[in-house]
């Protein structure tokens with residue numbers, strides 16, 4: 001390896017940026033370049049001044065936010081006291097992954113690129129703007145950008161003539177080797193693996209707390225299209241502590257039937273045990289896998305066989321295939337020319353890794369076990385807003401979970417791995433334990449007494465605001481204003497009785513929007529009977545009759561302006577990230593213009609100032 005070392009650092013929320021980074025690592029090794037691939041927050045950022053060549057791969061989440069595993073790096077790199085020559089020895093390139101349907105498309109990558117230039121870094125290329133909205137996905141931008149990147153890198157660090165590149169059809173060595181054991185030793189149990197015998201510090205991803213599930217209750221009506229559950233866990237003795245706005249992360253498992261089917265297709269014995277060894281020194285084994293480990297545990301608790309495979313999956317599978325026809329198809333799927341067909345086969349219908357392997361049985365049956373961890377990504381933990389306060393529910397943690405299930409052209413319905421797994425658990429049939437841990441969320445609430453809060457939480461977005469209302473009421477805080485939206489009052493009005501009781505005590509002002517009811521309903525502190533708004537004219541279209549939280553905000557414009565401008569209220573938003581955040585922001589800027597007399601540009605500046613001073617905060621998800 002003649003190069004001084006290429007470093008690839010990624011910030012990834014859903015795994016796409018990590019997958020692209022690992023692709024970069026593989027392509028570097030094929031070009032005989034030494035390459036390290038690391039998450040940004042696992043890298044000691046103070047060492048960046050010594051790195052000659054760095055590629056940053058960054059996703060943008062929510063409304064222009066960095067992913068969770070690069071937030072510490074983000075805070076450090078934007079310190080104002082960093083000298084402008086800090087990175088003067090570094091060549092760099094930034095690859096961004098985003099979605100152009102959002103206002104702050106690839107905001108993190110663009111901002112990082114500018115900041116690295118400010119610190120003296122030399123850009124090899126303009127920033128790459130991968131776009132999920134493109135019909136071919138991010139690869140439409142990534143493929144040509146990588147072609148140019150390798151031209152630049154090899155110009156700086158040419159490969160010696162006696163070392164050729166490793167052809168694309170030849171598999172690189174696997175990261176790990178699996179040494180199967182003849183005898184069946186005592187395998188570390190799930191409880192021992194997760195809980196540990198001597199836990200150090202609070203629960204974490206490496207050492208979650210096995211929380212007993214107390215309740216698993218459906219809270220939507222029986223005829224409602226969406227199954228939503230209120231789940232409660234006992235966290236007694238866990239050392240877990242959280243406040244309103246924090247999130248809990250849960251590590252799900254594959255179903256027993258999927259685990260069995262996977263083992264059948266690959267010809268694996270689920271009861272066989274193995275030890276895992278890295279091929280290269282300094283590479284750690286996955287902390288979540290016990291040593292020794294059973295094949296059943298590897299497949300059910302670690303390999304994400306229910307995820308939709310990425311292009312890199314087909315690239316490696318093609319290398320490993322001994323079957324000519326299957327290999328030819330896999331090579332086509334992994335080629336730039338085959339991306340449209342791959343999208344139709346895989347991404348559009350949400351075909352899973354297990355289903356793809358079933359479609360390529362000769363290849364699946366020939367996959368060496370050593371390549372399982374290279375081929376299939378690990379199951380990622382899922383984050384849920386905590387919906388309860390320890391001040392009201394001591395030693396308990398509650399979440400609101402929408403069970404994901406939908407139909408594509410495939411016969412089998414698509415199901416969310418974590419929500420479906422959680423929904424299947426029944427504490428009434430015996431003890432149930434769920435591995436979990438908590439971390440700070442994107443919402444922090446004011447501690448100053450007397451500061452009002454306006455909370456906008458349609459659907460399950462109301463979950464963090466239930467925790468906030470419980471916490472603030474227990475602390476004697478007033479000025480709690482909640483805008484809640486759902487489809488139908490009698491089907492998905494979460495915690496209706498609780499809100500009514502708090503409103504009756506004068507602890508909450510509630511405004512509701514029922515989008516599938518022709519008569520909108522307004523509620524508020526001290527209003528007595530709940531007020532009904534006017535009916536739309538018969539000529540109004542069905543779409544126009546739908547009333548959402550942004551419409552309620554506009555109707556209550558004078559109150560919103562009074563709270564924000566006169567009483568220095570904080571404004572919070574949580575829920576689906578697609579259209580609602582932009583609609584709410586638009587409603588606010590209209591209020592600033594109509595009630596505050598601001599011009600359009602001044603209203604936008606006012607909103608930006610609220611965001612900058614953390615008086616406007618949002619937590620949204622796709």
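Note that Cβ sites are derived from N, Cα and C of the backbone, with glycine treated the same way.
Per TrEMBL, the feature domain 'Flavodoxin-like' maps to 6-150. Under the heading FMN binding site, TrEMBL lists 12-17, 59-62, 97-106, 132. The domain 'FAD-binding FR-type' feature in TrEMBL is assigned to 206-447. According to TrEMBL, the feature FAD binding site maps to 350, 382, 383, 384, 385, 416, 417, 418, 419, 621. According to TrEMBL, the feature NADP(+) binding site maps to 460, 515, 516, 546, 547, 548, 549, 550, 583.
Note: residue 419 (FAD binding site) has non-local neighbours 382, 401, 402, 403, 404, i.e. same-chain residues 6+ apart with C-beta under 8 A of its own C-beta. Applying an 8 A CB threshold to same-chain residues 6+ apart, the list for residue 62 (FMN binding site) reads 442, 577, 618, 619, 620, 621. The shortest Cα-Cα distance between residue 417 (FAD binding site) and any of the binding-site residues 12, 15, 102, 583 is the one to 15. Of the residues the record lists as binding FAD, namely 350, 382, 383, 384, 385, 416, 417, 418, 419, 621, the two whose Cα atoms sit farthest apart are 26 Å from each other.
Using a 10 Å radius centred on the Cβ of residue 59 (FMN binding site) and all shown protein chains, the other Cβ atoms total 30. Its Cβ taken as reference, residue 417 (FAD binding site) is surrounded by 21 other Cβ atoms within 10 Å in the chains shown. Between the farthest pair of Cα atoms in the NADP(+) binding residues (460, 515, 516, 546, 547, 548, 549, 550, 583), the distance is 18 Å. Residues in the domain 'Flavodoxin-like' (6-150) partition by DSSP class (helix H, G, I; strand E, B; coil) as 58 helix, 34 strand, 53 coil. Summary for the binding-site residues 102, 105: the Cβ-based neighbour count within 10 Å is maximal at 102. Look at the Cβ of each of the binding-site residues 12, 385 and count the other Cβ atoms within 10 Å; the largest number goes with 385. The highest number of surrounding Cβ atoms within 10 Å, among the binding-site residues 99, 583, is found at 99. Here the binding-site residues are 383, 547, 549, and the one whose Cβ sees the fewest other Cβ atoms within 10 Å is 383.
Cα spacing between residue 549 (NADP(+) binding site) and residue 105 (FMN binding site): 25 Å, rounded to the nearest whole number. Of the candidate binding-site residues, 350, 460, 516, 547, 583, the one lying closest to residue 102 (FMN binding site) when CA atoms are compared is 583.
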